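Colleague: Not my notes, these are from TrEMBL:
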TRANSMEM  64-87  transmembrane segment
TRANSMEM  93-114  transmembrane segment
TRANSMEM  135-157  transmembrane segment
TRANSMEM  177-194  transmembrane segment
TRANSMEM  215-237  transmembrane segment
TRANSMEM  297-325  transmembrane segment
DOMAIN    400-505  domain 'Cyclic nucleotide-binding'
Amino acid sequence: MENSQAPVGRRTASTCGWKAVFLPQLNRQSLSVYGSEIAVEKECIRQLQSGVWVIHPFSPIRSYYIMCMVAITFLNLIGIPMEIAFLDGYSGVGWEGFNVFSDTLFLMDVALNFRMGIISEDSEVAILDIKKIRVIYLKSWFIPDVIAAFPIGYILLIAELQSHSDTSTSGSKASRMVRILMFVRIISLVRLLRVSRLVRFFNEVEKVSNANLEYVQLFFRILSLFMMMFLLCHWNGCIQYFVPMLEEFPSDCWVRQEKLMNATVGEKYSFGVFRALSHMIQISYGSNESPTNEVELWVVMTSMLSGALMYTVLVANAAAIITNVDQAAKAYKDKMNHLDDYMTFLKLPNDLRLRIQKYYGARYGGRWFDEKNFLISVSSALREEILTVMCLSLLNNVPMFQNRDVNFLNTVLLQFQHEVFQEDDVIFQQNAPGDRMFFIEHGQVLVETDSFSQELADGDYFGETCLMTKGKRLATVQALTTCQLFSLSSERFQMVLQGFPDIRRDMEKFSQQDKEYVRHL
C-alpha cells in the first residue's frame with residue numbers, strides 16, 4: 001500500500017511552524033533559479049540546517065516586507081518635501097507620528113539587512129551565511145542606508161516639544177529655536193536618499209514575484225519610470241516654493257507676485273508644480289516673467305535641465321520597452337523584409353509575390369516562431385503533450401484510429417507535419433501519386449471526382465486511402481479558404497506500425513475495406 005505524502009516543497013514548511021515564513025516559497029523565480037520543487041525543498045533544508053536565523057530572499061515574509069517598504073518609501077519621498085516646503089513647521093500630530101514610525105522602520109531595515117539572504121548574480125545559490133551577508137552589505141549599501149535612516153523625525157519631535165514648552169521665554173531664545181528647527185528641517189533632506197531604496201525594492205519585487213516574469217518586469221519598469229517622473233515633478237514644485245521661503249520671500253519673488261503669501265497649502269503646491277512643469281517642458285506657459293535674482297535664475301536653470309533629463313530618460317526607456325516587447329512580431333517583420341529582398345532579386349511577378357506574402361501571413365499570423373526547432377528542443381514527454389493538445393481530437397475523428405492504444409496514438413502524433421494552403425490552392429489532383437493523409441484543423445476544402453463532390457471543414461480528413469500503401473489519388477482536393485492542415489505521410493506511418501504488429505494487421509484489413517467503399521462511391 002502506497003503512503004500518501006504532502007506535495008514536494010511543502011513538507012518542510014508544514015513541519016517547522018512559524019519558521020516557514022522565513023523559508024523559500026515556490027514561485028516562478030525560485031523554480032527558475034533552483035530548477036525544480038525538489039531543489040527548493042533542499043534549499044529549505046539547507047537553511048534549517050544552518051541553525052542561524054536568516055530571512056531567505058524567496059520567503060513569503062520577504063515578499064510582503066518589500067511591498068510594504070515600497071509603499072512607505074514612496075510616501076516618504078512625497079511627504080518630506082511637502083513638509084519642509086509648505087507646512088512651515090505645523091505638520092500636525094499625524095504626520096509627526098508617521099515620521100517617527102518611518103524612521104523607526106528604516107532603522108529596523110538597516111538591522112534586518114544583516115539577516116537578509118542575498119541573491120547572488122554569479123551564483124545559483126542564495127547567500128545565507130551571516131558573515132558573508134555582513135561583508136557584502138557593509139561594502140555596498142550600508143552607508144547610504146544609515147544616512148537615509150538618520151532619525152530626523154525624532155529630532156524634529158523633540159525640538160518642537162521643546163519649543164512649545166519654551167513659549168514663555170524671551171524673544172531671542174524663541175528666535176534661536178526657530179532657526180534651529182529650520183536647520184533641522186533642511187538637514188532632513190538627507191532622507192530623500194531613500195529614493196535609492198525605492199529603486200532597489202522595485203528590483204527585488206521583480207525577483208520574488210510569483211507572476212509571469214516577462215510581464216512583471218515590463219510592468220514594474222513602466223511603473224517605476226512613471227513614479228520617478230512624478231517624484232521629479234513633485235520635488236521640483238516643492239523647490240520652487242522652498243527657495244523663496246529660505247530668502248524670507250523677497251518683494252520681487254514669484255510667491256508675492258502671485259499673491260500666495262496667505263494662500264492655502266494646496267494653492268501654493270499647485271502653483272509651484274505648475275511653475276516647475278512650465279520650466280521642465282520649456283513652454284513657459286503662464287510663467288513669462290524672467291528670474292528676478294541670481295538664486296531664482298539658478299533654480300530655473302536647474303528646473304530646465306531636470307526637464308531635459310526627464311525627456312532623455314523617458315525616450316530611452318520607451319525605446320527599450322518598444323524594442324523588447326513582442327520579439328516574435330519584430331522577427332516576423334525582419335523575415336518579411338528579407339523575403340521581399342529575395343523576391344525582388346528573383347524578379348518574381350507581382351501576383352506570385354502577393355500569394356507568397358499571404359501564405360506567410362496565414363502560416364505565422366504576423367509572428368515568427370521557429371516551430372520545428374522548438375519542438376525538437378523540448379523533451380519527448382512535452383512534445384507528445386503539445387501535439388496531443390493540438391491534434392488528438394483530429395486523430396480521434398478517423399475510424400481507423402478510434403479506440404487504439406494511447407502509446408500508438410502518441411507515436412503517430414509525433415509524425416504530424418503542419419501545412420498551410422491558400423484559397424484556390426489545389427492540394428492534390430485526381431490520379432496523382434499519393435503518399436499522405438490530411439487532417440483539417442481550420443479551413444474548408446472541396447473533394448471532387450467526375451461523379452462526386454463534397455465539402456469538408458474543421459475536424460474532417462481526406463487522403464486516408466494512400467496511408468497504408470502509396471497509390472493514385474481517387475479525387476481532386478482544392479482549398480476553398482485558407483486551410484491549416486496536418487499531414488501524415490505513409491512512409492512515417494509505416495515506420496510507426498513496425499512497432500505495433502497487431503495494430504498493423506488490423507489497419508491493413510481496415511484500409512482494404514475503406515478502399516472498396518470509396519471505389520463504390
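Numbering starts at 1 and runs along the chain as it is shown here.
In case you wondered, yes, glycine gets a Cβ from its N, Cα and C as well.
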Colleague: Pairs of Cβ atoms less than 8 Å apart decide it: which stretch in 64-87, 93-114, 135-157, 215-237 has the most with the transmembrane segment (297-325)?
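Modeller: The stretch with the most contacts is 215-237.
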Colleague: Within the domain 'Cyclic nucleotide-binding' (400-505), count helix residues (DSSP H, G, I), strand residues (E, B) and coil residues, in that order.
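Modeller: Looking at the domain 'Cyclic nucleotide-binding' (400-505) with DSSP, the answer is 26 helix, 40 strand, 40 coil.
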Colleague: Please give the sequence-distant neighbours of the transmembrane segment (93-114): residues at least 6 beyond its ends with Cβ less than 8 Å from one of its Cβ atoms.
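Modeller: Answer is 55, 69, 72, 75-76, 79, 83, 87, 130, 133-134, 137, 141-142, 145-146, 148-154, 156-157, 160, 194.
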Colleague: Mind looking up the mean pLDDT for the domain 'Cyclic nucleotide-binding' (400-505) in the predicted model?
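Modeller: Across the residues of the domain 'Cyclic nucleotide-binding' (400-505) the model's pLDDT averages 86 on the 0 to 100 scale.
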